[in-house]
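The structure appears below as structure tokens.
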Amino acid sequence: MSSAMAPVKPSSTAGPKEVELILVKEQNGVQFTSSALVSPSGQTHPSGEERETWGKKIDFLLSVIGFAVDLANVWRFPYLCYKNGGGAFLVPYLFFMVIAGMPLFSMELALGQYNREGAAGVWKICPIFKGVGFTVILISLYVGFYYNVIIAWALFYLFSSFSGELPWIHCNNTWNSPNCSDLNSTLLNDTYKTTPALEYFEYVHMTSSGIDDLGLPRWQLTSCLAVVIVVLYFSLWKGVKTSGKVVWITATMPYVVLTVLLLRGITLPGAIDGIKAYLSVDFLRLCDAQVWIEAATQICFSLGVGFGVLIAFSSYNKFSNNCYRDAIITSSINSLTSFFSGFVIFSFLGYMSHKHNVALDKVATDGPGLVFIIYPEAIATLPGSSVWAVIFFIMLLTLGIDSAVSLMHSEGGIYVFTLLDHFAAGTSILFGVLIEAIGISWFYGVDRFSDDIQEMIGQRPGLYWRLCWKFVSPCFLLFMVVVSFATFNPPKYGSYYFPTWATMVGWCLSISSMIMVPLYAFYKFCSLPGSFCDVSISYFKILYQDESSQVTFISAVLLQIVTKQLHSKKE
């Protein structure tokens, strides 16, 4: 009978071995040697399985960094930091990074590297939880639907930047309304006025009246989306051998561009005031529970755990790779990138505040509005604005190029984008990571998982990591799932509130991925022979059976057999 719980772990001596002869001493022409069994390369999986590996270690690190460092590092973290007490926000952020972010990050890297499988295949260690793999695969699919639309927007803006004058500088274009006011005016004090950048954004999307009026696809954005798909395909078509080379550009270019933009930004009037506002410390904000919730949420989504990508990437590592060290390096770089990007963003926001003579909170925002409206508006006021626009949108392209499939863009596409962004990877991704942590820590077992890590890198994880995996991280994730339900707000775009049916569709989308966990578990129970009670009892016996208990059990059986034979001989 196949097991739905954690199967008995095979002996660590499995797999190809070589005999190593060691010269101990030589006496009177006679050599005395000692022999030992060793792995041929120190990099072979215990099962002896062969799998494609990264060409170089740096290819893997850059791939993980390129995945974890995305648009949210630029448009989300700096705004949260400013909104929630400036430097004080780093307290809850770093706290949750230590107790949950790094442990979960390292858990996924170790899980993929040891089992050398993708998000679903790794659950051969505990088959009843294989539904988690299908959950994260569906979530990644849904996110890919809308994330690549952002890349297509960036590509469209990039093409528009190759002009003598940027199209979002003046109000003399055919798409501008009477309410449009040029960038040189103090329009931000007038709620009835709009900026050329805002109207250009609305023109690009040809925003309809609502989600029930999608209209026809726009050929310009659809063409950009097709280009994105082609680029992604040729980045991945030969596996890690090609993607590992592509990330040398896509993972490093954002740092070059951010540095260039920072050097330009700090020279602008008002930039220092913006940076001071970004770093201003208000420890009283730490008394607000919402600050802690937003810090925890940012940790969950910024590191990229729960999408199956970290598991897949690490499965191509050499078996003896130090995944523990990789987790610390890459997660730290991700957080430092978020912090660094804040200086870039707020130097330009401070400049916009100074130029329009308004408070910083009038221009500070997050999300697509920051990178497609506010930032292009700031760039448009600079000398050589076309060059700066090209540089900026190349950075957005390289930040987002690591994602997959796409969504056809239409006049109402901005509403579809907002709906997917709200539901595709919110509560569902937290739920998926929670079940993943429970499956590894409580069903497969932290001790067994630690043995796997020791087998790979030669040392067991410390007490801190084991406690986080078994208690702290699951409790943290459970708290986040409860909070996400309790603080749910219906989606909206600007002043437009989505109808009830659209919200219901969003929840169906979210549930469609989460339901894979109980569905597959139910299927696994029903597909095995025996009654429900018999199967359940057998599973829990297997669950708590380790190698020492197996030896004890076998010894007891053998002892019983020998005793019976002795009794029969006496008779």
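FYI, residue positions are counted from 1 along the chain as it appears here.
In case you wondered, yes, glycine gets a Cβ from its N, Cα and C as well.
Residues or ranges marked as Na(+) binding site by TrEMBL: GLY66, ALA68, VAL69, ASN73, SER302, ASN334, LEU399, ASP402, SER403. What TrEMBL lists as disulfide bond is CYS171-CYS180. Residues annotated as transmembrane segment in TrEMBL: 60-78, 90-111, 132-159, 216-234, 246-272, 292-313, 333-352, 387-407, 419-444, 464-488, 500-523.
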**OP:** Report yes or no: does the transmembrane segment (60-78) come within contact of the transmembrane segment (333-352), defined as 3 or more CB pairs under 8 Å with a sequence separation of 6 or more?
**Re:** yes
Original post:
Restricting to the same chain and to residues at least six past its boundaries, which positions have a Cβ under 8 Å from a Cβ of the transmembrane segment (292-313)?
Top reply: 60, 63-64, 67-68, 70, 72-73, 76-77, 80, 84, 89, 92-93, 95-97, 100-101, 104-105, 108-109, 111-112, 117-120, 122, 133, 136-137, 139-140, 143, 286, 331, 334-335, 338, 425, 429-430, 432-433, 436, 476-477, 479-480, 483-484, 487
**OP:** Provide, as an integer number of angstrom, the distance between the C-alpha atoms of CYS171 (disulfide bond) and SER302 (Na(+) binding site).
**Re:** 37
Original post:
Does the transmembrane segment (90-111) come near the transmembrane segment (216-234), with 3+ Cβ pairs under 8 Å (pairs 6 or more apart)?
Top reply: no
Original post:
Of the listed stretches 132-159, 216-234, 333-352, which one has the most C-beta pairs under 8 A with the transmembrane segment (419-444)?
Top reply: 132-159
Original post:
Against which stretches of its own chain does the transmembrane segment (333-352) lie, if we need a Cβ under 8 Å and a gap of at least six residues from its ends?
Top reply: 65, 68-69, 73-75, 77-79, 81-82, 90, 93-94, 97, 101, 254-255, 258, 261-262, 265-266, 268-275, 277-278, 302-303, 360, 363-364, 370, 374-375, 377-379
Subject >> Number of Cβ atoms other than its own within 10 Å, given for SER302 (Na(+) binding site) >> reply: 23
Subject >> Residue pair CYS180 (disulfide bond), LEU399 (Na(+) binding site) - Cα distance, angstrom, rounded >> reply: 31
Original post:
If you count the other Cβ atoms within 10 Å of each Cβ, which of the recorded positions VAL69, CYS171 comes out on top?
Top reply: VAL69
Original post:
In the structure shown, with every protein chain counted, which of the recorded positions CYS180, LEU399 has the densest set of Cβ atoms within 10 angstroms of its Cβ?
Top reply: LEU399
